[in-house]
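**Student:** The signal peptide annotation in Swiss-Prot covers 1-23. Taken from Swiss-Prot, the feature site 'Greasy slide, important in sugar transport' covers Tyr32, Tyr63, Tyr250, Trp418.
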Amino acid sequence: MKTSLRTLSVALAAALVSPSVLAIEKIDFHGYMRAGVGVSSDGGLAEWQKTMVGRLGNESDTYGEIGLGAEVYKKEDVSFYLESMVSMLSDGSNDSETTIGDDAQFGLRQLNLQIKGLIPGDKEAVIWGGKRYYQRHDLHIIDTKYWNISGSGAGIENYTVGPGAVSVAWVRGDANDVDTRITGDSDVNINYIDVRYAGFKPWAGSWTEVGIDYAMPNPTKQQKEYGGLYDADNAVMLTGEISQDMFGGYNKLVLQYANKGLAQNMISQGGGWYDMWHKTDEAKGYRVINTGLIPITDKFSFNHVLTWGSANDITEYTDKTNLISLVGRAQYQFTQYVRAIGEVGGFYQKDTYHNGSNYKQGGEKYTIALGLAEGPDFLSRPELRVFASYLNDSENGKPFEDGTSNDTWNFGVQVEAWW
C-alpha cells in the first residue's frame, strides 16, 4: 500500500512540474452575476415581460456564470486557448440552493478550444471547436440577444477579407420534446450554418456587419415516418446592421428577415432558435431594431432599445403578429460612485388569427433606482441598486396576484457584475 501511495505521489508531482503545466502562465477568470432581494404587492418580486419593458427592477432570479480560460500552448504566432464556463440559476429563496427538487439549475455553457496562427496569411484568424457563446449580439437593458446561435460547433473566425473579416461556423441547436406522442426520441437534431462579414466602414465612425444563418432540421428515420411536426423545412435568417459613433457614444440600426421555423424570432425578441412545435411552412418575418448609448453630458447618459417586428403564419392558427417595444434607461451621476437611474418601457403586440379573432398584449414599466458602482460609465460594474418599480398590463391580461390584477409594484435591492 505504501509503495502504491509513493508511486502515485511521484506521478502527481511529475505532472505538476511537467512543461505542459508550467506553460500556463496565467488563468483568465471571468463571469457574470446578478442577485438580490425584494418584495411586490403580492409576495416576492414579480417579473413580467422584461424583454419588452426592460429588466431594471424587473428581475426575480439569482443567476451566475463562472468562466475559466488559459492559453495552454504558445510558440511564436501559434497559440492554443482553452475556455470553460458553467452557470447557475435559482430563485434566490433559500440559503442552501441545490439541484435537489430543482431548487437550482446548473449548466455547462462553454467548453471549447480556440487556435490561432495556423491559417496562412492571417495569424489572427481563429480555428475553434467545442461549445461556446458564439458572437452574440446583445441588447443589455432588455436582457436579450437578437443574433445568437450559441451551442456546440466548430468554425473559422475573423479571417481577413478586404476591409473586414469573415467568420463561418457550424453549430448544433436541437429542439427538445417536439411531439411526445411518438414512441422513442422526441428531440430533433438541428444544425446551423452561420456566415458573417464584419468590419466594413463605409464612412468615418461607422461599422457594419452582415450575416446569414441557415437552419437544417435533421429528424431520425422514425421521426420522418411519423411526419407532422417532424416534417420541418430548412429556414434562413438574414441580418444586417450599421453602427455609428455619436457624441462619444453610438447608435445602431439592425434589419432582419427570417422564414419558416426562424420567423418567430422577429416578434419574440429571439436570436435564432428554431420553432419545431408549430407548423411554420409559410412563415415569414421582419424586424427593425434601433439602439444606442449617448452620453448627453459628463454626468447624464441615455440608453434606448426600439424594436418593431412583424411575422405571418408563425403557427397553424396565426395569420399575422405585430410587435412594437420601446425601452429607455437614463442615468445621472452624482459622484464617481453614486448615481440615479430611471427606466421606462412599454410594448404592444397583436396576434390576428385565421378565424378572424385576435389577441392583444401590452403594458408599461416604470423604475427609479439609486445605484452604487465602481465608476461613472453607464456600464460600470459591479453595481448595487435600490429600486422601486411599477408594472402595468394595459390589455387587461391580469398577470399579477394570481390572475386577479393588472398591475403591481416591486421594491428591492439587486447587485449586478461582470468581469
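For all residues, glycine too, the Cβ spot is worked out from N, Cα and C.
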**Student:** Rank the recorded sites Tyr32, Tyr63, Tyr250, Trp418 by the number of other Cβ atoms within 10 Å of each Cβ, and give the residue at the low end.
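**Tutor:** Fewest other Cβ atoms within 10 Å, among the recorded sites Tyr32, Tyr63, Tyr250, Trp418, is found for Trp418.
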**Student:** I'd like to confirm something. Which of the recorded sites, Tyr63, Tyr250, Trp418, has a Cα closest to the Cα of Tyr32 (site 'Greasy slide, important in sugar transport')?
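**Tutor:** Of all the candidates listed, Trp418 is nearest in space.
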**Student:** Between the Cα atoms of Trp418 (site 'Greasy slide, important in sugar transport') and Tyr63 (site 'Greasy slide, important in sugar transport'), what distance do you get, rounded to the nearest Å?
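**Tutor:** Just about 12 Å between their Cα atoms.
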**Student:** Rounded to an integer, what is the Cα-Cα distance in Å between Tyr250 (site 'Greasy slide, important in sugar transport') and Tyr63 (site 'Greasy slide, important in sugar transport')?
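**Tutor:** One finds 29 Å between the Cα atoms of these residues.
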